[in-house]
6 protein chains.
Amino acid sequence: MRPSGRDPAALRPVSLQPGFARHAEGSCLIRMGVTEVLCTASVEGRVPPFLRGQGQGWVTAEYGMLPRATHTRGDREAARGKQSGRTQEIQRLIGRSLRAVTDMKAMGEMTVTIDCDVLTADGGTRCASITGAWVALHLAFEHCRRMNIMTRNPLKDQVAAVSCGVFQQVPVLDLDYAEDSKADADANFVLTGAGGIVEVQGTAEGAPFSDAELMALLGLARAGTAELFAKQREAAGL
Amino acid sequence: MRPSGRDPAALRPVSLQPGFARHAEGSCLIRMGVTEVLCTASVEGRVPPFLRGQGQGWVTAEYGMLPRATHTRGDREAARGKQSGRTQEIQRLIGRSLRAVTDMKAMGEMTVTIDCDVLTADGGTRCASITGAWVALHLAFEHCRRMNIMTRNPLKDQVAAVSCGVFQQVPVLDLDYAEDSKADADANFVLTGAGGIVEVQGTAEGAPFSDAELMALLGLARAGTAELFAKQREAAGL
Amino acid sequence: MRPSGRDPAALRPVSLQPGFARHAEGSCLIRMGVTEVLCTASVEGRVPPFLRGQGQGWVTAEYGMLPRATHTRGDREAARGKQSGRTQEIQRLIGRSLRAVTDMKAMGEMTVTIDCDVLTADGGTRCASITGAWVALHLAFEHCRRMNIMTRNPLKDQVAAVSCGVFQQVPVLDLDYAEDSKADADANFVLTGAGGIVEVQGTAEGAPFSDAELMALLGLARAGTAELFAKQREAAGL
Amino acid sequence: MRPSGRDPAALRPVSLQPGFARHAEGSCLIRMGVTEVLCTASVEGRVPPFLRGQGQGWVTAEYGMLPRATHTRGDREAARGKQSGRTQEIQRLIGRSLRAVTDMKAMGEMTVTIDCDVLTADGGTRCASITGAWVALHLAFEHCRRMNIMTRNPLKDQVAAVSCGVFQQVPVLDLDYAEDSKADADANFVLTGAGGIVEVQGTAEGAPFSDAELMALLGLARAGTAELFAKQREAAGL
Amino acid sequence: MRPSGRDPAALRPVSLQPGFARHAEGSCLIRMGVTEVLCTASVEGRVPPFLRGQGQGWVTAEYGMLPRATHTRGDREAARGKQSGRTQEIQRLIGRSLRAVTDMKAMGEMTVTIDCDVLTADGGTRCASITGAWVALHLAFEHCRRMNIMTRNPLKDQVAAVSCGVFQQVPVLDLDYAEDSKADADANFVLTGAGGIVEVQGTAEGAPFSDAELMALLGLARAGTAELFAKQREAAGL
Amino acid sequence: MRPSGRDPAALRPVSLQPGFARHAEGSCLIRMGVTEVLCTASVEGRVPPFLRGQGQGWVTAEYGMLPRATHTRGDREAARGKQSGRTQEIQRLIGRSLRAVTDMKAMGEMTVTIDCDVLTADGGTRCASITGAWVALHLAFEHCRRMNIMTRNPLKDQVAAVSCGVFQQVPVLDLDYAEDSKADADANFVLTGAGGIVEVQGTAEGAPFSDAELMALLGLARAGTAELFAKQREAAGL
């Protein structure tokens with residue numbers, strides 16, 4: 001039995017609220033249960049040094065958590081003077097996931113920086129960030145199209161992510177914090193609308209897991225992201 | 001004429017939403033026009049080294065701005081590896097303002113850390129932070145009282161802040177960004193419910209200002225904070 | 001009764017020694033009682049990136065304290081790897097104060113960096129820094145004029161600062177450390193030769209203060225800076 | 001055809017040289033083709049603060065690359081003042097992988113720190129680090145047993161890692177740099193001697209990959225690690 | 001011919017002014033020509049962790065240069081966030097030199113921190129720092145003796161330093177900046193009152209130098225430090 | 001009697017293995033007894049800003065120690081976020097020593113960065129670094145000559161280094177860790193093939209030393225480096 005009483009294959013209630021941030025070219029506030037992440041997309045008319053003069057764009061991401069997004073207050077990374085390894089790992093994952101569905105040649109020499117800031121954390125913040133970030137990115141590209149900065153939206157597909165895990169021997173979808181902290185294994189899947197795998201990150205917390213378990217988790221993730229893709233299209237006005 | 005069309009003595013629409021953050025002992029989302037700051041209060045059962053063993057508590061504050069709270073994206077301070085001078089100045093101000101109305105002897109050896117994170121910025125973020133922080137702090141102290149950690153709420157008075165300025169020769173209340181960036185002078189006033197001055201910080205941006213102008217701004221601030229005190233009491237359930 | 005035996009409206013003995021630093025384009029060693037600050041002005045033929053190509057100059061300031069300027073040794077900020085919030089707050093204040101009386105268009109694309117280094121601290125170091133820095137800046141501009149780098153001295157007025165406070169219920173001028181550490185309120189005033197207010201920073205250390213007290217402190221400051229302006233003119237050879 | 005001419009299911013020549021480092025309690029120099037990583041295990045009689053008094057041990061890892069381990073010189077992280085996100089991600093992975101096969105209760109309150117320093121890089125350094133680190137850790141535990149610090153070796157199983165990828169549409173084992181930089185997808189698998197999955201990290205570099213491809217890569221990894229387990233036992237004298 | 005017109009074996013005019021810093025337990029302002037260094041000694045009743053409980057004391061040093069001590073302004077190390085390699089090298093040298101003549105057993109568990117801050121630089125600042133620091137340290141120990149914290153002064157001998165160099169083929173004593181920047185070789189000698197060598201640091205700037213040249217420089221240094229020892233005794237009241 | 005049983009004038013067994021690093025333009029693994037340092041030379045087609053446009057090259061060095069090169073594990077400098085004073089002092093010394101024998105005009109606008117990474121430490125790592133670095137630098141220059149980037153090898157002479165010390169009153173050559181930690185004095189000599197002194201750094205650890213002792217150590221060093229020069233020529237294929 002899951003602590004939340006959810007069915008093993010059930011997502012938490014999901015909402016994606018586009019345009020939450022007033023100033024950003026694109027933004028989305030995503031809620032998955034109690035987890036709440038504000039995703040903004042900022043467009044800038046230049047690329048990092050390693051891409052200059054190549055006629056292509058870049059998409060990158062930064063991730064942060066408000067100090068009291070969690071049950072007990074965490075250090076403010078700005079005050080401590082550096083980002084944790086976990087933060088860096090997550091923001092690298094978000095950036096790779098979005099670049100996997102973006103035609104960077106079609107962007108021109110522009111950079112879109114996605115900021116994912118966790119207002120409230122209850123497990124699954126990196127996955128929620130990716131799912132919400134796609135909406136913010138889509139809206140920013142649409143903004144560029146309306147401004148005639150781009151002739152078409154460079155997104156080739158949707159991308160969304162969900163975490164699954166083995167909890168008390170049962171594969172379950174969309175771990176919340178109560179499950180995540182006790183799961184035997186958990187895996188984050190980043191999948192495309194067309195059904196391809198962009199990233200899979202599975203970790204045994206207790207005993208190692210088997211090939212069959214990995215496949216079962218992937219199956220749950222595929223069902224879960226199908227729902228998320230629908231929510232994304234709705235939020236993006238597609 | 002003010003860019004917003006407001007009367008010289010008019011505040012922007014103000015709302016204080018208590019309990020916005022799920023996990024914090026106290027929290028308040030304050031909106032002053034477009035400016036939006038999430039204030040949380042986190043209680044911890046120990047004091048900084050310089051106060052140990054003295055039987056008193058401590059209240060401190062940290063301040064941050066989401067990178068895309070502003071019109072154009074700013075650097076993430078955590079990524080840059082240090083907090084700006086402006087950030088440090090503001091968080092020191094918030095901390096001092098709250099300590100001025102707290103009976104730290106009545107707290108026992110506890111620390112409350114206030115986090116003020118700007119979700120959207122349109123001028124006046126430091127003042128909104130102080131006003132919202134007081135509500136978060138009050139709620140956290142009430143929480144401690146209900147938990148029997150404290151026998152009474154250690155707050156001695158309310159504290160709120162507002163910025164005023166001389167805009168096109170006219171003293172005006174509650175500057176927004178469009179005014180702030182063009183004001184001849186601006187001053188932040190931190191005042192108590194009983195009418196005392198806790199902090200005044202006035203700066204001439206263009207020509208120096210006169211004693212009379214300083215007094216005029218103080219008068220506007222006193223009227224403005226009267227409204228804010230009412231909003232605080234309402235949000236705090238007083 | 002003041003610990004120093006001074007009259008409430010009396011400054012400490014003040015001296016401004018121009019040319020103390022051998023290599024700087026302008027310099028001044030200011031002593032206010034035991035407080036001693038070495039101010040130097042360094043001229044450089046370029047401006048920060050945000051001002052390039054605008055045909056105007058820039059004046060900025062840095063502040064530091066020798067580790068044993070104080071009663072007990074403080075950390076060396078260079079060894080600790082960062083400047084404290086207090087240091088950054090002070091150097092921002094010094095820079096703003098000097099820019100308020102400088103015609104930056106008249107400078108051409110040049111930067112003057114003022115360094116204020118406290119050799120001995122006994123209260124009032126930020127105010128002494130501003131007062132001494134004006135002399136260093138004036139001398140550096142005169143140097144530029146003699147070198148035909150500038151056709152006229154870009155200073156529009158004098159600027160000086162003094163701290164006042166409410167000590168044992170009495171408003172007093174020019175707090176030393178013994179008073180500062182026990183004052184009910186203290187306020188730093190940065191005033192111009194023409195009588196305008198450039199900055200006012202008042203803080204209640206104990207009970208909040210009233211409008212009347214603020215005005216009384218401002219009155220003392222005006223009298224005190226009148227003396228300082230005379231000392232500045234003498235040191236600057238005016 | 002692979003650039004190295006290897007069969008799709010062939011590992012590079014592998015050697016594990018135990019005892020390379022003179023001073024460490026356990027060490028192993030692993031070579032996989034040109035890739036060369038020095039793994040050392042250092043034993044210390046205390047645990048990190050979050051584990052104190054719980055009667056269990058800890059295994060952690062740090063990772064580094066000599067500046068000229070690569071084709072062109074990279075920055076020295078010590079000189080730059082921080083570890084890259086990639087470095088932190090890798091050292092977190094190594095630590096998790098080793099802890100998955102260690103009975104930390106059986107260690108007592110001790111910490112083993114594994115250092116993996118890449119002397120020469122030609123792809124697959126994180127996987128080689130894990131494989132070599134297991135040998136170093138085993139030897140360090142044996143050392144502790146001989147010193148009567150531990151009564152039995154706390155390792156529950158072997159752990160080894162290998163990267164696989166889809167190169168020119170063909171799933172191949174043990175990517176070298178020439179393949180890694182052009183692969184459509186690559187995945188790192190951390191597997192136990194008993195056949196369980198400890199970690200899987202798959203990333204689409206070009207087009208997303210399919211479930212079947214993921215399974216094919218996992219199959220290759222299982223065959224590859226079987227060889228590595230034999231090499232580990234030999235190096236560990238088992 | 002030396003730029004200063006000095007005889008090859010002549011020191012610059014030297015003065016040591018004891019007690020320059022009001023708050024320090026011991027202090028000395030040393031001038032060697034234009035070079036000017038403020039040395040303070042701060043006493044603290046504890047030792048660094050590696051010495052705790054061993055019943056001995058510690059002497060350590062920090063070094064800094066005001067940004068405009070030099071002909072052109074240098075970066076403020078506190079603002080840049082780290083001390084340069086040169087600074088660290090110098091402060092390590094000063095600390096070693098002073099410890100070489102201190103009976104640390106006789107100190108008890110106390111630390112004396114010497115701060116050497118260069119107000120004006122014209123070559124030879126590290127040597128001047130050592131010479132002045134000895135006076136500050138002596139005075140601080142005398143202070144401890146008067147306070148009955150120590151029963152005798154733990155200094156076993158005097159220590160002083162001077163730089164020598166080969167300038168236009170001629171060995172010369174006490175290089176100033178004009179010579180230092182053009183010398184073929186320069187060497188810093190730290191010598192004791194009894195004639196022993198504590199440190200020698202010789203560097204060929206142009207062509208390598210010979211054994212005979214090294215000995216000639218050492219001879220000059222011995223004569224030069226004889227004068228410095230006399231000045232130290234005078235400043236220390238011996 | 002030396003702990004190693006060596007004759008006072010005997011070096012430890014020395015080997016210099018050229019070409020150890022696969023990717024570097026030049027490299028050498030030097031072993032002096034148990035001490036083992038990997039030296040690589042990396043060529044880059046540009047110079048630091050302060051040399052641009054002057055038609056000359058630059059040689060610089062960085063130094064590091066693997067965390068478990070030593071008897072007990074040391075902090076990883078990359079993890080701690082800064083290089084120690086000792087590290088900076090050593091890498092400055094290596095750079096100066098190599099530049100002393102390089103005709104930087106003959107290099108053209110190129111930089112060679114020497115990395116000296118200590119794999120195992122048993123005393124004398126800075127001296128071994130210099131001796132090994134010369135071979136790496138020579139090989140890198142030869143590489144440039146073969147690539148027709150340079151017309152001749154810009155090295156003017158050999159340079160090598162050895163530490164000597166006074167151990168139990170006897171001057172001895174090439175201190176190992178057991179001696180170094182107990183020596184009364186130790187001195188590092190950097191000498192050229194032609195017999196000149198490039199650097200001498202002598203430090204009294206216990207009692208100060210005499211002129212005669214300094215000369216005796218220099219004599220030992222001259223004999224020791226003669227052997228090292230022969231080994232260098234052999235490794236460099238000269």
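Cβ atoms here come from the backbone N, Cα and C positions, even for glycine.
As the structure is a computational prediction, the values presented were derived from the model and not from experiment.
Binding of phosphate is attributed by TrEMBL to D:Gly124, D:Thr125, D:Arg126, and within the candidate set D:Arg73, D:Arg76, D:Arg80, D:Arg86 the record adds D:Arg86 to that site. For the phosphate site, whose binding residues are given in the record as D:Arg86, D:Gly124, D:Thr125, D:Arg126, the maximum C-alpha distance rounds to 13 Å.
The sparsest Cβ neighbourhood within 10 Å, among the listed binding-site residues (D:Arg86, D:Gly124, D:Thr125, D:Arg126), is found at D:Arg86. The residues of the domain 'Exoribonuclease phosphorolytic' (D:11-140), classed with DSSP into helix (H, G, I), strand (E, B) and coil, number 45 helix, 41 strand, 44 coil. Each residue of the domain 'Exoribonuclease phosphorolytic' (D:157-223) gets a DSSP state, and the totals for helix, strand and coil are 17 helix, 30 strand, 20 coil.
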